[in-house]
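J.: Starting off with a structure, shown below.
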Amino acid sequence: MIRTMLQGKLHRVKVTQADLHYEGSCAIDQDFLEAAGILEYEAIDIYNVDNGQRFSTYAIAAERGSRIISVNGAAARCACVGDKLIICSYVQMSDADARQHRPKVGYFEGDNHLQRKAKAVPVQVA
């Protein structure tokens, strides 16, 4: 059996740019890509916390240390500067590997300050 698992997640990053006329993609600070284990040109899903939109694109690298999150091309219609996003990548693996797998998660606050890194999403409690 093959399972699709969360590989990496950038939790609550803030959109710094939205460029409708740029060639597709989402530009992400290289430090952020590394924090979540996301590769340049990798498929990503984006969940907009502010408006509820969910869309897919691919990651490209933005300047290291810039804190840039730029939603480009048609996807720019799905996010505005200042919106909070959750950016995820997924990986497929065997059932046995999936049971041992832990995603790379980066938690952000303010103007895209990496607050902490984790190897799991916390258990939700009542």
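These residue numbers are counts, starting from 1, taken along the chain as shown.
Every residue gets a Cβ built from N, Cα and C, even glycine.
Quick paste of what Swiss-Prot says about this protein:
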- Ser25: active site, schiff-base intermediate with substrate (ACT_SITE)
- Ser25: pyruvic acid (Ser) (MOD_RES)
- Thr57, Gly73, Ala74, Ala75: substrate binding site (BINDING)
- Tyr58: active site, proton donor (ACT_SITE)
J.: Do you know offhand how many angstrom separate Ala75 (substrate binding site) and Tyr58 (active site, proton donor) by C-alpha?
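T.: Their Cα atoms are separated by 11 Å.
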J.: Among the recorded positions Ser25, Gly73, Ala74, whose Cα is within 10 A of the Cα of the residue listed as 'active site, proton donor'?
T.: Ser25
J.: Helix, strand or coil: which one is Ser25 (active site, schiff-base intermediate with substrate) in, per DSSP?
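T.: DSSP assigns Ser25 (active site, schiff-base intermediate with substrate) to coil.
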J.: Given that the record lists Thr57, Gly73, Ala74, Ala75 as binding substrate, what is the largest C-alpha to C-alpha distance among them, in Å?
T.: 10
J.: Can you tell me how far the Cα of the residue listed as 'active site, schiff-base intermediate with substrate' sits from the Cα of Ala74 (substrate binding site), in Å?
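T.: It is 9 Å, counting Cα to Cα.
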